[in-house]
Structures are given as structure tokens and as C-alpha cells.
């Protein structure tokens, strides 16, 4: 338990050996370290001092959160980092989704490894002004499952914060796992004393996703992290008509016949101007008002909507910036508009 580290054999939700409730909290019941923690002398965690020193060179810190998985949180984190770097900011992206690290893929950094220098762990760089840190760089096989309990996850997050040398950077974007678990408690506990600009929460429009987003907003309010705003992702499918696949349903068999070539040929001959029209359809039910209504009810900013865009999905798969993709004409402007609201919000915290 040296330096206040949480032992690997500790119970879930361990408050930490240096906590005032160490050995006394309800979560300590039955822990093999309970007696040692209860009687050990308490004092400031020296690792928090090391974290404060590391973070002293980081101007702004943004958490990217979601209530559920699969809503596009990591895609947003990646594109936010690309956009900030494209504005000539020095940017770091830290992936603390320890059991599901997708950031290396989305930044085009699969197969890269962490290197150590006399200054600490070096981030893996996409560009000179965009560095990335993830457990994905530490796995011998990207398909290996990370089966860790809370204390070990917390230990890695602490190590990322105190041992990674970012240098002088303008933004540190933290991609967190979905929900409100140990990782969220740890990152807030370690970063809040150094100053967190706020959190961006990503959701999809349907109520089943918004239920958990409300919990995410509640979490932020309880721990004192400002909510910079909510992003409604996958807000309808938007696609140029020329890229739509047309199918004719055979009602008797339930199978479909691809008639795309015939439809496109007909349009090209009779109404070619229609081929440049964007077709939109609702993928998720937003009859309850979606994220915008929820934000009004909860008193948090609504940053905007991002449509479900196949080109954005392709950019994420290829580890590229959608802002440099000439085919990404639908989602890139929506993301740019949202990010232009985020930057002034962080500048106001200086």
C-alpha cells in the first residue's frame, strides 16, 4: 500500500488507504486490508502532487462521457482532437476506456507502442501537435480482453496522469468509458484539484439513451464538474440520393431485390438534379424531444446534432480526420459547429 496506492486485492469501490474512511467505509467490509487501512497513518497522497506537477503544463482539460456504449463517444473524442489540432492547438488525447480501448484504431495508431524517456512515458503522436495515450498501446494482442477490477484500473489511470509527459499542451481530451464507474470517480478525483474545464456528454436521440445521460449529468453536478454541453449523435441518417441503395421488397418471400442501378439510371435520365439531394430518415425515435428537450429540462447547454453519416464511420475506421475528407460533407460541418461552441467555453475558464 505504498504511496497510498489501492491494493489489487481490495474490494470494489475501495476509498483508498489514505482516505479518511479507509477501513471504515461500508465498501471495506470483508476486505483483507481492512484492519491495516483503518490503523495506518493518514496523509496526503504524494501521487496527487506528481499529478498536479504534470497537469501544470496543460491549459484545458475536457472529459468526454456517455451514459451508454455505442453512441459514438470515442468517435467524437477522436474528431474533437483532430479538430483542435487542426486549429494549431497542442493536443493530448487520453483513453481511459480500459476494457474497450478504441482510440488507437480511430487515430490510425494500431500496432504502436509506448516508449519511455527520462521525462516519463511518451505519448504516441499522430502529428507533431497531437499525442495519444491508451492501454491499447500496451496490449501484446489487440484482441486480448482486459479483465481488471476497479483498483487496478484506477492504478493505471493514476499512472497515465503522473507518468505521461505531455509537455506544454493546450488541450487534454479524456475519453472515458460509458456510465459512471470507478474510472470516472478516479479521473475526477485526480484531475479536479488541477482544474477541469468540463465534460461533453454524447448521446443518441432515443429515450433509452437519454435515461442514462440524465444520470451522467447528475454525476457531473454531484462531483463538481461543469457540463460544457450535450451532443446528440446519430441524429437521423443523411445521405446523398446517389449513394442510397434502393431495394424492392418481395412480400411473399420477405427477401429484397437490389434495383439501385435501375432507379439511378431513371433519375439520371429524367431528373438528374435530384441526385444531389440529401435523403434523410430518422433512425432512432426522437418523439420525446431528444437531447435538446432534455437539456432544457436539466439546465445544461445543448451543443447540437450530428447526423449518422457513413463517411464519418469510414473516417473513424480508417483513423482519419473527417475535416480533411472531401467526401465527409454532412457530419463534418455539424461537428465543426459544435466544436466552435466548445472552444469559447473552455477559454472562459482561464
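Heads up, the Cβ atoms here are built off N, Cα and C, so glycines get one too.
Please treat TrEMBL annotations as automatic predictions, because they have not gone through curation.
Summarising the annotation, TrEMBL assigns [4Fe-4S] cluster binding site to 14, 28, 31, 37. Under DSSP, residue 28 ([4Fe-4S] cluster binding site) is assigned to a helix (H, G or I) in the three-state scheme. Around residue 28 ([4Fe-4S] cluster binding site), the C-beta neighbours below 8 angstroms that are at least 6 residues distant in the chain are 11, 14, 15, 21, 22, 34, 37, 38.
Residue 72 (ATP binding site) has a Cβ environment of 21 other Cβ atoms inside 10 Å. Annotated ATP binding site per TrEMBL: 67, 68, 69, 70, 71, 72, 73, 74, in sequence order.
Residues 36-40, 42-47, 149-152, 154-155, 158, 182 of the same chain, all 6+ positions outside the region 'Disordered' (1-30), place their C-beta atoms under 8 angstroms from a C-beta of that stretch. Annotation source TrEMBL lists region 'Disordered' at 1-30.
Within the group of binding-site residues (67, 70), the Cβ with the highest number of other Cβ atoms inside 10 Å belongs to 67. Comparing Cβ neighbour counts within 10 Å across the binding-site residues 14, 31, 37, the minimum falls on 31.
The two recorded residues, residue 73 (ATP binding site) and residue 31 ([4Fe-4S] cluster binding site), have Cα atoms 35 Å apart. Other Cβ atoms within 10 Å of the Cβ of residue 74 (ATP binding site) number 28 in total over all chains.
Cα of residue 74 (ATP binding site) to Cα of residue 31 ([4Fe-4S] cluster binding site): a distance of 35 Å.
Taking the binding-site residues 68, 69, 71, 73 in turn, the residue surrounded by the fewest other Cβ atoms inside 10 Å of its Cβ turns out to be 69.
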